[in-house]
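J.: I grabbed these lines from TrEMBL:
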- 88-129: repeat 'WD' (REPEAT)
- 130-171: repeat 'WD' (REPEAT)
- 172-204: repeat 'WD' (REPEAT)
C-alpha cells in the first residue's frame, strides 16, 4: 500500500483565520513519517483561504470544505473533506450504528446511551424514539421501503419497527447471545442476523418465525452480508426442499465475518459452503462489491479484497494503520472504509488520489451510510457528520 497522508482533524476551522495553521503528515510504509504544516496566508473575497504548505507538500486545490494535498516525493495524494454539517444533539454517548432511508429523507441511529432514534436526514431534527430493546442496540437499518427499521440488540432480540409511528411490529426471539449485525434479503420478506452465540439465522418477517440456522460456527459473528452471486459460482443445492416462506434466497451468497479470524461464505438457500478464508485477526465487517468480489476488514487494520471464484489468495490487501476496520461499504466503483483511529476514506478506481472524510479526532468511526452524493458517519464522540460530495 502506498504512503498515506493525514491532516489535523479540525483543519477547516484552523485555516479559516489569518496565519492559522494545521499539521500534516505523510506515512510511507517502512520509512520515517514526514511532518509538515499548512498556513493560511489570507482569505479571498469568496471566503476561501489561501493556503501554503511546508516543504515536501503541495496544496493542489482548496475550497471551503475540501483541500487536496500531495506529497510528490512519496507519490501520495489525498483530498480531505470537512463535514458539511454536524448533528450533535441526537445522542448523549457514542453512536454505534446509523443508516439512511432509500429516499434520503430519514436517518436512524443507535447509541451506547441505550437509545435508538429516527431523525430528519437534512438537519438532524428528531422525529421518533424507538423504545423496546433491553440494554444496548448494536445495529439498525432501514428496509428498502424506507418506512420500516430492523434492529438487533444485546438482548438477543431482533425487532422490526414502523418509522412512521415508532411502534414495534415484530420481535424475533431465538438467538442466545447479542445480535451484532443484520442483512436484508431482497425487498425484505426475509432477513438474516449474526450473533455472539455463533449462529446466523434466517427469519420470515411476515410470520415472525425463524426459517433456519444458516450457520453455526462456534465463534461470534461480527458482520453479515448478503449478495447476488455471479452465474459462474457454484452455490450447491439444498439438502431439503426450502420452505415456501423463503423469498429471494436463491442464487444469493451469505458472507460471515467471524471473531475466530475466519471469513465464511455459503449459499443462502443451499446452506452449502462456498469458501472459508483465514485472515490475520478477527474479522469485524464485510460487504459485497459485485457478484464475485467482496471486501472484509479485520481488527488489526487489514482490508482483504477477495474473488469468490478463487478465494485462496486475496486480489489485494489494503493496510493503512493497525487500527481496527469497523465498517466497509460499496460506493460507486469503489468503497468507503472507516477505522478505529478516526480515519474514514473513499477508494475509487478512476481517481489517482484518496478521499478522506475528516473531523473525528482519533475517535472510532463505527459506521458509514450514503445517499446519492451525501455521506453520513457516526462516531464514538457522539456526533453524526454529514459530508457533501458535490465535486466528484
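Cβ coordinates come from backbone N, Cα and C, glycine included.
Note that TrEMBL annotation is computational and uncurated.
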J.: Below 8 angstroms Cβ to Cβ, which residues of this chain, lying six or more residues outside the repeat 'WD' (172-204), approach it?
T.: 135, 138-139, 141, 143-145, 148, 150-159, 210-226, 243, 245-249, 252, 254, 256-257, 268, 285
J.: Over the repeat 'WD' (88-129), what is the model's mean pLDDT?
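T.: Summarising the repeat 'WD' (88-129) by its mean pLDDT gives 96.
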J.: DSSP says what for the repeat 'WD' (88-129): how many helix, strand, coil residues?
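T.: Secondary-structure breakdown of the repeat 'WD' (88-129): 0 helix, 21 strand, 21 coil.
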